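Sequence annotations record features per position, and here Swiss-Prot assigns (6S)-5-formyl-5,6,7,8-tetrahydrofolate binding site to ARG24, GLU81, LYS120, LYS448 based on sequence analysis. The feature GTP binding site is assigned by Swiss-Prot to 226-231, 245-251, 270-273. Feature annotation from Swiss-Prot assigns K(+) binding site to ASN226, THR245, ILE247, THR250; the stated evidence is sequence analysis. Among the features that Swiss-Prot reports, Mg(2+) binding site is placed at SER230, THR251. Here Swiss-Prot flags 216-373 as domain 'TrmE-type G'.
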Amino acid sequence: MSDNVPTIAAVATAPGRGGVGVIRISGKNLLPMAQALCGKTPEPRVATYADFTDADGQAIDSGLLLFFAAPASFTGEDVIELQGHGGPVVMEMLLNRCLELGARLAEPGEFTKRAFLNDKLDLAQAEGVADLIDASGRSAARLALRSLKGDFSRRIHGLVEGLITLRMLVEAALDFPEEDIDFLEAADARGKLDGLRRAVDDVLANAQQGAILREGLNVVLVGAPNVGKSSLLNALAGDEVAIVTDIAGTTRDAVRERILIDGVPVHIVDTAGLRETDDVVERIGIERSRKAVSEADVALVLVDPREGLNEKTRMILDTLPSDLKRIEIHSKSDLHAHAAGGFGTGAETVIALSAKTGDGLDALKRTLLCEAGWQGESEGLFLARTRHVNALKAAQEELSLAALCGNHQIELFAEHLRLAQVACGEITGEFTADDLLGVIFSRFCIGK
């Protein structure tokens, strides 16, 4: 990083009241600031108890000051942490004092971004920091910690090293074209390529599972009014999150709820009736429902077998994307005999279910996990993101194209290897555009 990087400061603890509040500061040559804050010269990595004072020497608070000298710190710069009482007024006064002493307010994720730019961690590890903070369940937290500790990165670095080794062999063939030697055959380049393809496939499979655990499954409930959508949402959530009445059309806005099934987050939207209306408020709810449908992975199509596929349900089905996966739910199974087969909703799976008794809920949950592609937590999994999966798919494609190259297409073979390496490098940040970095770190919380 440049020598002209400004000092940054932010509250590192969550907003609100608490027993302890932490101010984090990062920059160059912070000992003078530490002395101005507490009147003492702190030793690195030793907790210093002191009064934190304002410009007039009046105490703002008392607590611990921790000093981490560069480069042995999270960001790779000098870092100060002020640990005081966790009241919002105290935190604001301490932060303002830091700003008076020359710091500026940190941007979201800026501490972690500096750690990345100073080679304290790579991009996949940096994302692991945010994913650990945002983990939706225990499984996600465990896998995010593995990514933060570098498990995912080591797998990627292994792929990159293999690609570099193979590229060196290919470059040798390009450097000595006059030699009557089949370099690719002599160096077993084909065998090495096959090994790399298997390794990419393995990492991709793990990344896809990690992405499911991080990002979950988007599900919409659709069906005619009063068919039991809100009752099903409440049953899945285990709480009264949606209003249930005998009056058709009670739900006038999309109701969203997140549940965990075997640690996998499932984002469920109970849609307002997908129909035309002159009611302004209801129209807004319907537009939100249509947006939820466009973003969904699975639609639960609720049908009352006593009525079958009525005209209202047919109209709703016509609004669904043709490629959207569907599960047909025969609702209110406690009130009727199970119907044989489906009603032509386009669903491959039919489940009879009663939101009132809970009959069929477990079968629905298992089916949702199957639709998500979740295979269960296993050793070696790590949390991943969609961008990681896409990068690995790109590398997989380039290696597949390399395998199609003939023995006299060495330059094309080498180019596919290079592009596969670039795709892998995008995951760890070796080859990453600045605008993508901005997007990634802007989604962090301030102070991290």
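Backbone N, Cα and C define each Cβ position, glycine as well.
Small disclaimer: the values here were computed from a predicted structure and weren't measured.
Projection of Swiss-Prot feature records onto the structure.
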residue	record	CB count, 10 Å
ARG24	(6S)-5-formyl-5,6,7,8-tetrahydrofolate binding site	23
GLU81	(6S)-5-formyl-5,6,7,8-tetrahydrofolate binding site	19
LYS120	(6S)-5-formyl-5,6,7,8-tetrahydrofolate binding site	18
ASN226	GTP binding site	18
LYS229	GTP binding site	29
SER230	Mg(2+) binding site	21
LYS448	(6S)-5-formyl-5,6,7,8-tetrahydrofolate binding site	20
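Summarised as a single figure, the pLDDT of the domain 'TrmE-type G' (216-373) averages 79. Taking the Cα of ASN226 (GTP binding site) as the reference point, the closest of the binding-site residues ARG24, GLU81, LYS120, LYS448 is LYS448. Secondary structure at ASN226 (GTP binding site), taken from DSSP and collapsed to helix, strand or coil, is coil.
Our reading of the (6S)-5-formyl-5,6,7,8-tetrahydrofolate binding annotation (ARG24, GLU81, LYS120, LYS448) yields a largest Cα to Cα distance of 18 angstrom. The distance from the Cα of LYS229 (GTP binding site) to the Cα of LYS448 ((6S)-5-formyl-5,6,7,8-tetrahydrofolate binding site) comes to 40 Å.
A Cα-Cα distance of 48 Å separates LYS120 ((6S)-5-formyl-5,6,7,8-tetrahydrofolate binding site) from SER230 (Mg(2+) binding site).
The Cα of SER230 (Mg(2+) binding site) lies closest to that of LYS448, out of the binding-site residues ARG24, GLU81, LYS448.
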